[in-house]
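Residues or ranges marked as purine D-ribonucleoside binding site in Swiss-Prot (evidence: similarity to another entry): His5, Glu178, Met179, Glu180, Ser202, Asp203. According to Swiss-Prot, the phosphate binding site annotation covers Gly21, Arg25, Arg44, Arg88, Val89, Gly90, Thr91. Summarising the annotation, Swiss-Prot assigns active site, proton donor to Asp203 and lists sequence analysis as the type of evidence. Annotated site 'Important for catalytic activity' per Swiss-Prot: Arg216, in sequence order, evidence recorded as sequence analysis.
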Amino acid sequence: MPTPHIEAQKGEIADKILLPGDPLRAKFIAENFLEDAVQFNQVRGMLGFTGTYKGHRVSVMGTGMGIPSISIYANELITEYGVKRLIRVGTAGSVNEDVHIRDLVIGQAAATTSAIVRHDFPDFDFPQIADFDLLDKAYHIAKDLGITTHVGNILSSDLFYGGPDAVKVGKLGVKAVEMEAAGLYYLGAKYKVQTLGIMTISDHILTGESTTSEERQLTFTDMMKVGLETLIAE
């Protein structure tokens, strides 16, 4: 039965899914990596597809920007469609001198400026961490593919313009800043499913380097390959 934001019927979404923020990136992945891809959602323009990758049934769906948006879709995917493995594939801004444009960052844990956890646990800070099994798989897959990859803490900010001081954040060893992973990791803990964030550095906050919107939408294929290989890894 469709949800308020996803029009798919039961069985039309695989139990393993990639979650790019940009719905057009979801379309790109479906068209370039999946076989026999079928669209299951276009509500609010948030495109979703199910197909096969190397013989394994997988789905891909956009989530929009920010923790509130990804939380809506992830909640419905988990509770209504039985998705068990969710991997965010998106972009991030580096706050570390050793993390460069187009490098991959795998978020081991995600600090956040969001109050998402405080709504459930107002008296203490709950750590948002990735599923270790998925993280370990993704790291070794990226390493085997020869892709420059960094593993460490990230920051999920509620603000795209403004937010915490990038220099101070970087001095704490944070690799990058993005806007969604902490929400996804929290839902992973809440519902006991596997979650992970794999990001491509699209901008360097310290140096001002950046990539184009077209490049962000249509390239960054290393991240997509690592995400798909991790989705199907046993």
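Backbone N, Cα and C define each Cβ position, glycine as well.
Taking the features listed in Swiss-Prot, we show where each one sits on the structure.
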residue : record                                  : Cβ within 10 Å
His5    : purine D-ribonucleoside binding site    : 16
Gly21   : phosphate binding site                  : 21
Arg44   : phosphate binding site                  : 13
Val89   : phosphate binding site                  : 28
Gly90   : phosphate binding site                  : 25
Thr91   : phosphate binding site                  : 23
Met179  : purine D-ribonucleoside binding site    : 28
Ser202  : purine D-ribonucleoside binding site    : 22
Asp203  : purine D-ribonucleoside binding site    : 18
Arg216  : site 'Important for catalytic activity' : 20
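In this view, Glu180 (purine D-ribonucleoside binding site) is surrounded by 30 other Cβ atoms within 10 Å of its Cβ, with every protein chain counted. Across the fold, the C-alpha of Asp203 (purine D-ribonucleoside binding site) and the C-alpha of Arg25 (phosphate binding site) stand 17 Å from each other.
Residues near Glu178 (purine D-ribonucleoside binding site) in space but far in sequence (CB under 8 A, at least 6 apart, same chain), listed by position: Gly90, Thr91, Ala92, Gly93, Gly107, Ile154, Leu155, Ser156, Ser157, Gly197, Met199. Using Cα positions, the member of the recorded positions Arg44, Arg88, Arg216 nearest to Glu180 (purine D-ribonucleoside binding site) is identified as Arg88. Listed recorded positions near Arg44 (phosphate binding site): His5 (candidates His5, Ser202, Arg216; Cα-Cα distance within 10 Å). Sequence-distant neighbours of Arg88 (phosphate binding site) (same chain, six or more apart, CB under 8 Å from its CB) are Leu19, Pro20, Gly21, Thr63, Ile70, Glu180, Ala181, Leu184, Thr195, Leu196, Gly197, Ile198, Met199, listed in sequence order.
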